[in-house]
Amino acid sequence: MLENALTQKPLSLEVLDLEAGVNKYFNSAAEFLKLNDSSKILLSTAEKEIKVSFPVTMDDGSTSIFTGYRVQHSSARGPYKGGIRYHPSVTMEETKALASLMTWKCSLVDIPYGGAKGGVICHPATMSVCELERVTRQYTDSIMAFIGPKKDIPAPDVGTNELVMSWFLDEYNRQSGCHHPAVVTGKPISIGGSLGRLEATGYGVAKIALAMLAENNISPSHATVAIQGFGKVGSWTAARLAQAGCRIVAVSDITGGYYKPDGVSIEKAMKYVNASPQGTLSGYYEKGLTKISNDALLGLEVTLLIPAAMENQITEQNARSVKANFVIEAANGPVTPAADLVLEQKGIQVVPDILANAGGVVVSYYEWTQNLSGLSLSHKEVINRMDQKMLQSLNTILKVKKETGLSLRQAAYVIAMGKVADAAMLRGWNSAKKNADNY
Ligand SMILES: NC(=O)c1ccc[n+]([C@@H]2O[C@H](COP(=O)([O-])OP(=O)(O)OC[C@H]3O[C@@H](n4cnc5c(N)ncnc54)[C@H](O)[C@@H]3O)[C@@H](O)[C@H]2O)c1
């Protein structure tokens, strides 16, 4: 099952600049915080940009050269933390943008990490499991000097999973000659993973979505939901929302959308995906279900629209047809800045990625602390603690939004960047303090 999830076909992505989007949000929060130019440069520049190339022997005996990246954006608040992506569209620019999102995310939810991101340009769908293992081991060797349990701690992202983390851990331990379970998170439970990590990101997305419903006096039983992406994040988001009584009218993956007005059975759909050779919904059927396009899913009249696939999915063009009350960004950067404006003008509230999908890194933090302390938490403790952190962070954002009139995203960036600016100043990296003292 782990192997199947690695071999899904990748997206053909619209070419849109995630880095430009993240910079735009950064600049607007920097202006609000009245950061001076040197602080802006300090906070927006990655501390390290690592590019590696390494040879891998393929199953047919040939040798392929792969390119990988690790960007370490900020260590002002703690060791670098961020996932590893295996996808043909991985670039240095995308990795930089995703690394800075990790810095703001960890700061927003108040966990003592900085931000990083890594990736390898590869096409998991066309590779065997043995080839993926060799790529992972070679990539680990190539960035070995830059990572470590108190230095930089990777985790899974698109195209990687628990199995990839196991190989990463094993290779790191072999090369270092010591057992260091805290060097990666998102590991299988049997080798030091945390209970609850698998479902954490999706559960966190669902917790925030349910809190937004409560904030707006909408009962879950009156809420309809459409979810784009049915991988690690989308499927667990769907499972928790369905359990809370919401009606999931549509889900989708790379094979298209699956629409059922009286509610898709998430339990059946998850079982189907787990058993399918490609790890997709292709061929999934239940009575009353029809196939729709991914674009049609984004335009459904629903209470909650949850993009949980990849970046740049809601663009200026298709944002005009979004009819949801709320968009909850489960993926990183799924709404372009131009689309964000369109949604705002339409009165649609967008919960930003740096809050909505932070449950994963919060539970990664619990996994790391368990590895370092040797103590373990129960599933219930992990999920309760994560829920509490997510709600505290949402409440802080709502408070700042109310006080300032900023959007949820702007408020989230202001809070997150303010804390990183303070840490950098206290460490003597920059004498220029931000001027908006309350944030
Ligand atoms: N895994 C985590 O813990 C985590 C944490 C925070 C953020 N994220 C972000 O969440 C997003 C999803 O990550 P994941 O870990 O679930 O990845 P995944 O590889 O497990 O799943 C991705 C899903 O999206 C689907 N998909 C791809 N292209 C699509 C398209 N055009 N239309 C509809 N569906 C499409 C795939 O078929 C798959 O179902 C990414 O943006 C990732 O960076 C993940």
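We count from 1, first residue shown onward.
Glycine is treated like the rest: Cβ placed from N, Cα and C.
All TrEMBL annotations are machine predictions without curation.
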Which one, K105, K346, K380, is listed by TrEMBL in the same substrate site as K81, S364?
K105
Determine which residues of this chain, when K81, K105, S364 are set aside, have a Cβ within 8 Å of the centroid of the substrate site's Cβ atoms, and list them as they appear in the sequence.
G82, M102, C106, I111, Y113, G115, A155, A358, G360, V361, V362, Y365
Whole-number answer please: how many Å between the C-alpha atoms of S364 (substrate binding site) and T201 (NAD(+) binding site)?
10
If I take the alpha carbons of K105 (substrate binding site) and K117 (active site, proton donor), what is the distance between them in whole Å?
12
Cα-proximity to D157 (site 'Important for catalysis'), 10 Å cut-off, over recorded positions K81, K117, T201
K117
Of K117, D157, T201, the recorded positions with C-beta less than 6 Å from an atom of ligand 1, in sequence order, are D157, T201
For the C-alpha pair, I'd like the distance in angstrom between T201 (NAD(+) binding site) and K81 (substrate binding site), rounded off.
15
Need the DSSP three-state call for K117 (active site, proton donor) to compare against my parser.
strand
